[in-house]
Amino acid sequence: MTKETRQGEQNRPSYKESLNLLKTSFGMRANATLREPELQNFWADKGIDLELGLANKGPSFTLHDGPPYANGALHMGHALNKVLKDIINKFHIMRGHKVHFVPGWDCHGLPIELKVLQTLSNKERQALTPIQLRKKAAAYASKQVKGQMEGFKRWGIWGNWNKPYLTLQKEYESAQVKLFGQMVLKGYIYRGLKPVHWSPSSRTALAEAELEYPEAHTSPSVYVAFSVIHLPQSLSENLIKQGLELPGDEVELSKRLKVCIWTTTPWTLPANAAVSVNSNLDYSFVRHEEKGQILIFATELLEEVSEILGISFKQVANAKGESLKGILYKHPLYERTAPIVLGGSYITTQSGTGLVHTAPGHGIDDFKTGLQNNLEVFCPVDEKGIFTSEAGKFEGLNVLKDANKEIISSLEISGSLLKELPYVHKYPYDWRTKKPTIFRATEQWFASVEGFREDALKAIDDVEWLPESGRNRIQSMVRERGDWCISRQRTWGIPIPVFYKKNTNEILLNKETIDHIENLFAQYGADIWWEFDESKLLPPSLASESHHWQKGVDTMDVWFDSGSSWASVSCQRDELGYPADLYLEGTDQHRGWFQSSLLTSVAVNGHAPYKKVLTHGFALDENGRKMSKSLGNIIDPTVIINGGTNKKTDPAYGADVLRLWVSSVDYSVDVPIGSNILKQLSDVYRKVRNTSRYLLGNLHDFDPKKNSVDIDNLPILDKWMLNRTAEVIDEITLAFEKYEFSRFFQLLQSFCTVDLSNFYLDIAKDRLYVSAPDDPRRRACQTVMALIIEKLAGLISPVLCHMAEDIWQNIPYQLSEESVFKRGWPVSPSNWKRASLTEPISLIRELRTSVNRVLEGCRNRQELGSSLEAGLRLEITNQGLLDAIDFLAKNGDHDVDCIRDWFLVSQLQIGGEPWAEVLISQQFELGVIEISNARGYKCERCWHYEQDIGSCSEHPTLCGRCVTVMNRL
């Protein structure tokens with residue numbers, strides 16, 4: 001290059017200033033840790049949160065919040081649950097509904113009690129009075145509520161934060177006692193001796209919902225032979241007919257005939273009261289040749305038992321289970337006898353021997369069988385899981401530790417042990433202490449589910465369940481469940497308002513006493529049960545007799561607490577609906593809150609407390625594992641939002657990415673979350689943000705009131721884009737209505753990436769940047785972009801609420817609404833819908849995709865840089881595509897709907913003679929694509945290759961089109 005040429009290059013005018021470049025205050029980066037709190041403050045200042053929903057004029061919508069436990073840091077389960085609720089609430093707010101959402105907390109129970117006790121020394125614990133413990137527990141729970149509340153707010157959750165419900169509030173406690181009283185008066189509450197799930201580690205009864213069932217618990221299972229001392233005459237005669245004659249002498253018979261049982265709880269053998277059989281099963285009398293004994297087993301299990309015991313049997317007789325009733329046997333550990341009785345359908349041939357060791361004090365089926373056969377409910381185990389003196393030589397042994405070993409040893413010494421084997425199975429554990437539980441018969445308070453079971457099953461049918469499988473799940477649970485043990489032997493809870501007569505243990509629990517306690521709790525709270533004596537707790541009519549009565553010490557199950565929320569919250573606030581429109585919790589709540597709420601509501605009012613129930617799965621790590629400290633795989637939502645100590649490995653994504661995750665997953669099953677998933681979500685978030693930024697950046701000089709182009713006068717490409725936007729609005733609306741948020745996620749991603757960025761905006765760049773500012777074709781595109789950005793902000797607002805508001809605040813022209821949430825939900829205008837454009841444009845887009853694939857190959861081979869360096873020739877064999885191109889040519893705007901510009905090439909030829917020099921000629925399903933180097937020279941302003949470059953001496957490096965624009969500026 002000569003000196004003169006170089007000087008000429010330097011003196012050329014720069015055309016950058018003549019282009020319409022992006023201008024927007026909407027940042028490329030979200031800067032979420034700063035910007036999101038700013039937007040939340042904006043909402044709070046303007047009353048644009050739940051206040052907006054309450055001010056709406058539409059129909060009411062109440063999502064009743066299932067109360068999280070007021071203990072511990074927020075985790076991904078909280079995030080999944082609360083964000084799902086918030087997405088639904090925000091959608092209803094945008095639809096103009098009067099939305100009610102009162103956040104709640106479950107504040108009573110053992111975990112909080114234990115947390116308080118852990119802060120005290122042994123001396124302080126011993127000196128602690130019940131009321132002191134309650135005060136400390138209440139303070140602890142209140143502190144936890146405050147911390148969790150701030151976390152929920154940071155996630156962008158809207159709710160009535162100024163008036164949440166807490167199960168420790170006096171108005172809640174009072175309403176719960178009222179509900180309890182209504183169940184008492186209907187005859188559904190009773191006190192009885194019954195085996196319940198008992199936690200020795202917590203020293204209290206547990207409800208089914210308070211249990212976990214780890215898979216790998218190992219129990220010592222034993223096969224035991226009980227010595228028979230008496231046979232019913234009819235059975236003896238039947239055996240003789242089959243050739244089996246047994247001794248009539250009791251001692252000799254006991255040596256010869258054995259009843260064989262199998263149990264995984266050897267520690268319950270001291271409480272054995274019977275052996276149960278199934279009346280419909282066949283049983284075999286088999287000879288143990290080595291010992292000369294006759295053993296009784298279920299016929300179907302003979303082969304399995306023979307293999308396990310390593311003994312060869314010879315069948316010598318058989319009998320129906322019904323005929324075994326009345327056999328008497330000696331207890332192998334004590335000097336007492338017990339009968340064989342008929343049990344229920346729970347006795348099967350799935351495992352064991354078909355004869356079931358029955359201890360009514362240690363099992364529900366055993367208890368029921370005991371009632372039918374007048375068996376004693378014997379339970380020689382105390383609240384710590386220690387054998388009492390009633391267990392004889394086993395007194396003082398822990399039933400879950402050393403008792404099994406000692407009992408098995410005693411069985412072996414007595415000659416009763418046939419086999420001991422470890423048995424791995426599911427076993428109930430205390431969900432709080434993570435330690436095994438037992439069945440233990442104690443005096444407890446129960447809700448008689450049997451009294452309203454059929455009503456509950458009918459109520460389930462009247463509810464809409466999402467997914468539908470939830471209906472069968474809760475129906476089977478309610479159908480099969482026993483009575484509900486509602487009493488707990490702890491201090492931190494709502495007391496069961498009962499009085500016992502000191503001498504007789506007579507129970508005092510009637511409308512007068514319950515009403516009095518209800519009123520006291522409403523005035524003072526439940527603490528007065530411990531602060532007042534009986535003279536004040538009893539109604540005035542009984543105060544003079546208070547010295548004869550003693551108040552109870554049991555508290556209510558926390559599931560009764562939370563299951564009363566419909567009565568304590570929904571029915572106490574006039575604005576809230578009962579039944580609620582929606583309950584939404586994890587799938588584990590079919591046996592928890594959904595069920596406890598259902599049972600209390602049906603018992604009192606005969607219907608469910610909800611119209612619709614939606615359930616979600618659990619949050620797992622990326623490998624599908626449950627999160628735990630031991631695995632080191634816990635994902636902390638706070639770290640997702642604010643970042644970790646190392647921002648490179650744990651960047652601050654902000655609340656919207658967390659919310660986007662919730663919308664991206666199929667929440668009806670367990671859902672994964674991890675660093676790789678977050679990176680992918682961040683990319684999607686960034687794509688939506690950058691697409692929005694591009695739209696905003698091209699509107700800096702646009703005023704819809706002055707510059708809009710009438711929709712009927714828009715080019716075909718713009719009309720198609722509005723039609724596609726209308727389709728997306730309708731599809732996303734339907735997805736939200738059906739709570740299919742992952743469908744929203746897919747539609748949003750496709751709309752921003754495929755429809756906008758890769759197609760419409762890619763084509764629009766030329767007219768946006770290169771045209772004169774007021775060029776009609778640019779104004780047409782800006783008209784469409786303005787319409788889209790306003791709709792897009794509304795569509796993403798339930799999920800990406802912060803981004804939606806940020807977009808709204810950065811729209812450069814005047815809007816009549818100060819917030820996107822005041823605009824309301826986007827609707828698709830009828831004049832946007834032009835179905836006739838869908839098929840031809842789809843065919844052309846398909847062709848464009850094929851062309852881009854061939855151009856990309858040229859770029860990869862370094863034959864081309866920009867696609868504008870290419871010329872394109874097409875041979876099209878598909879008539880539908882030819883018709884589409886012809887439709888565009890005849891009906892389109894020549895300046896915008898020129899198909900050459902849609903392919904972003906400098907020349908286009910359809911059909912005609914092949915070009916002499918080509919880079920590639922490639923067949924595809926619709927014809928042939930031929931790529932060559934573009935003819936002409938590159939325009940320095942628009943970068944198109946044209947043959948009229950240099951025709952204007954004033955602008956020798958510009959094409960004719962750009963010269964025209966420059967002359968207008």
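Glycine residues also receive a Cβ, built from the backbone N, Cα and C atoms like all the rest.
The L-isoleucyl-5'-AMP binding site annotation in Swiss-Prot covers GLU585 and rests on sequence analysis. According to its DSSP assignment, GLU585 (L-isoleucyl-5'-AMP binding site) is in a strand.
According to Swiss-Prot, the feature ATP binding site maps to LYS629, an assignment based on sequence analysis. Take the CB of LYS629 (ATP binding site) and look out to 10 A: across all protein chains shown you find 7 other CB atoms.
The Cβ of CYS959 (Zn(2+) binding site) has 28 other Cβ atoms within 10 Å, all protein chains considered. According to DSSP, CYS959 (Zn(2+) binding site) is assigned to coil rather than to any helix or strand. Feature annotation from Swiss-Prot assigns Zn(2+) binding site to CYS939, CYS942, CYS959, CYS962.
Long-range Cβ contacts of the motif ''HIGH' region' (68-78) within its own chain (Cβ-Cβ under 8 Å, at least 6 residues beyond either end) map to 105-107, 109, 111-112, 115, 141-142, 144-145, 147-148, 151-152, 166, 586, 618-619, 627, 634-638, 673. For 68-78, the entry in Swiss-Prot reads motif ''HIGH' region'.
Residues annotated as motif ''KMSKS' region' in Swiss-Prot: 626-630. Listed by sequence, the residues of this chain that lie at least six past the ends of the motif ''KMSKS' region' (626-630) yet keep a Cβ under 8 A from its Cβ atoms are 75-76, 618-620.
Per-residue pLDDT, averaged over the motif ''HIGH' region' (68-78), rounds to 95.
The Cβ of GLU585 (L-isoleucyl-5'-AMP binding site) has 21 neighbouring Cβ atoms from other residues within 10 Å, across all protein chains displayed.
Within the same chain, residues at least 6 positions away in sequence whose Cβ sits under 8 Å from that of CYS962 (Zn(2+) binding site) are TYR15, VAL770, CYS939, ARG941, CYS942, HIS955. Its own atom aside, the Cβ of CYS942 (Zn(2+) binding site) has 21 Cβ atoms within 10 angstroms in the protein chains shown.
The number of other CB atoms found within 10 A of the CB of CYS939 (Zn(2+) binding site), across every protein chain shown, is 24. Rounded to a whole value, the Cα-Cα separation of LYS629 (ATP binding site) and GLU585 (L-isoleucyl-5'-AMP binding site) is 24 Å. Cβ atoms within 8 Å of the centroid of the Cβ atoms of CYS939, CYS942, CYS959, CYS962 (the Zn(2+) site) belong to the same-chain residues VAL770, GLU940, ARG941, TRP943, HIS944, GLU946, ILE949, LEU958, GLY960, ARG961, VAL963, site residues excluded.
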